[in-house]
Structures are given as C-alpha cells and as structure tokens.
Amino acid sequence: MKVTVVGAGAVGASCAEYIAIKNFASEVVLLDIKEGYAEGKAMDLMQTASLNGFDTKITGVTNDYSKTANSDICVITSGIPRKPGMTREELIGINAGIVKNVSSSLIEHSPNTIMIVVSNPMDTMAYLVHKTTNLPKHKIIGMGGALDSARFKYRLAEALGGPISDVDGMVLGGHSDTGMIPLTRLATRNGVPVSEFLSEERLNTVKEDTKVGGATLTKLLGTSAWYAPGAAVSGLVQAIACDQKKMFPCSVLLEGEYGLNDISFGVPVILGKNGIEKIVDIELNQAEKDNMVSSAEAVRKVNDLLEL
Ligand SMILES: NC(=O)C1=CN([C@@H]2O[C@H](COP(=O)(O)OP(=O)(O)OC[C@H]3O[C@@H](n4cnc5c(N)ncnc54)[C@H](O)[C@@H]3O)[C@@H](O)[C@H]2O)C=CC1
Ligand SMILES: O=C([O-])CC(=O)C(=O)O
C-alpha cells in the first residue's frame, strides 16, 4: 500500500505521522514544493520509527511526481491555511490553482489512485477535482466531516462530563463555519439519545461550538489546526487501505442523494478498498433538510467562483 501526501506542512506531516504510527501502509511519500522541506520532514519522522514502533517507509521529495508513481491513495493538503479572522472560503483564490495542478500531476503518475482532498475551501476543492480530472466519482473524497464529527464528539463529551468513547455523532453539510450540520437529534451516549442528558439550550451550544471548531483553533494558534485534521485523514486512509467498510461523513459528488445534484457535499459514506462504496441516504427531519439546502446553497456560491 503506497500513499502519497502532497504538502509536507502542518496537516500533511501530521497525517503522514498518524498513518505511519498505525502501521498499515508500506510506504508514504511526502511531496512539497519547498526545496528540501518534505525530505526534512520525512527524515525527522523516520527517526521516530524505532521509538514509535512502525515499519512504514516515509520518503520526502521536492516536487518530483515520478516518485509518487502508482500510489494507491493520494492526499492533497497543499495550499495556504487561513489566519485568524479569515474564512476558509477566502483561500479559494490561491488554493484552486494549487489543487488543480497538484491533482493533475498526481493522476499523471497514478491514474488509478483514490484521492483525498483536504485543502480549503474543501468542498469546492473536491468539486474542482471532479470537474478537472477524469477520476471516477467514487475515487474523489473530501475530508471535512470526519474531523467535524470528532470535534462534535469532543464538545458532546465536554457537555456530558463523560469520556469521548461514550459518545457517538455525525456532522453533515459543508465544511464551513456556518454550513456544518451537527446532528444532535441522532447523537448518542452508549446508544441513549443525548437529549436524555442535555437540555436543548446546552445542545445548541454544543452545535455552535462544533461549527466554529476550526475558527476557534485558528484564533488560538495563529494558523489552522493540524493534529485532529491529520488524524481524521489517517482514519479515511486506513478505512480504504484496510477495506474496513467504515462509515464517515465525507464530501462526495451527489447525483440526487439528499435531493442534491452536481455538488461535492458532506454526507455519510461507506469507505472501503474501492474508495466510496456507498452513499448512505439517511432520513432527516424537516429542519435538518432545510439546513442541508441552505448549506449546499452556500457551497454552490463558492463553486461558482471557480474558473472551470
Ligand atoms: N479539510 C479540512 O478539514 C482541513 C483543511 N485544512 C487545509 O489544509 C491546507 C494545508 O494546511 P496546513 O498544512 O496547515 O498549511 P501549511 O502551510 O503548514 O502547509 C501547506 C504546505 O503546502 C505546500 N505547498 C504549497 N503549494 C504547493 C504545491 N503547488 N505543491 C506542493 N506543495 C505545495 C507548502 O509549501 C506547505 O508546506 C490548508 O488549505 C488548510 O486550510 C486544514 C485543516 C483541516
Ligand atoms: O479551520 C480551518 O481553516 C482548517 C480546517 O478546515 C479545520 O480545522 O477544520
């Protein structure tokens, strides 16, 4: 199993580290445009191998796509992150060009790859890859909902005063400060609806804290987060590499599911060796459906800015 991660910055390196620590991939190639940077990150990470007990071979390359040839999975994290006060959508001007070039270079050397898009604004970047490459739709996966759901569970556990392992829940919709839809109605603590434990008001606070999860960290860190994003990507990579058939919310091309068409948007999917093996069309209530529609409208407005 060969995995390429483009962008050896904060998220790319964290993702490579978690993939290696989980020890399921034979090879991870880190690629960056900055001279020597990916080589340095790869060497530093390889020097953790004996300490962390992994056998994954991590190599770094400066913009040499021939070294990424025949990757089973490619992850795109290249591009700029936001600064405090910015939205993810403001990154489109620079990141669209980067994602377009990187995805076509990757496919040139790995025509059968499964691609995971991380760069922001992520739903629009995933849509761009659909529109500008010939990869089939089940092989283009935007990572956002897995991270947002992890943040949702963190906030739920905080409100419940219990361990995160007690909690389950999902966030659908666009990966943006206003577009995320944390499904509080379906969230549970060991199978019991969280509404049995938390007031509507407290659940609303959980919801709002979840939606601004990325912005909150960006304000604290001066740039956006990387540990949970890297871990979330590694979870998707592992589900595909190990054919786990696990369910994650991911941004995928919709063709009628949830009443939406021609948009890459966050919905639950089953991930396995073929990439997206199934889009899970769950029954939502009217308020949730309305939120899906307005979140999708906001993503479409950003998609309209793409020069396709
Ligand atoms: N979808 C999600 O849930 C998340 C998305 N992100 C996004 O991921 C992206 C990366 O974030 P960070 O790693 O924090 O940024 P970073 O600045 O630490 O790393 C980005 C790396 O991309 C490299 N790069 C730029 N242009 C390139 C090109 N053409 N080819 C190869 N490498 C190139 C840069 O040299 C840099 O090392 C941002 O757009 C950020 O908004 C971050 C966290 C979560
Ligand atoms: O907040 C950001 O800009 C980065 C990101 O997508 C996240 O951490 O959710």
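Glycine residues also receive a Cβ, built from the backbone N, Cα and C atoms like all the rest.
Asn120 is the only one of Asn52, Asn120, Asn190, Asn204 that TrEMBL places in the substrate site (with Arg82, Arg88, Arg151).
Annotated NAD(+)-binding residues in TrEMBL are Gly7, Ala8, Gly9, Ala10, Val11, Gly12, Asp32, Val118, Ser119, Asn120, and among Asn70, Asn95, Asn101 the one listed with them is Asn95. Annotation for the binding-site residues Val11, Val118: lowest Cβ count within 10 Å of the residue's own Cβ, Val11. Of all Cβ atoms in the shown protein chains, 29 besides its own fall within 10 Å of the Cβ of His175 (active site, proton acceptor). Gly7 (NAD(+) binding site) and Arg82 (substrate binding site) have their C-alpha atoms 15 Å apart, to the nearest angstrom. Mean model confidence for the domain 'Lactate/malate dehydrogenase C-terminal' (147-301) is a pLDDT of 98.
Checking Cα-Cα distances from Gly9 (NAD(+) binding site) against the recorded positions (Arg82, Arg88, Arg151, His175) with a 10 Å cut-off leaves nothing; none qualify.
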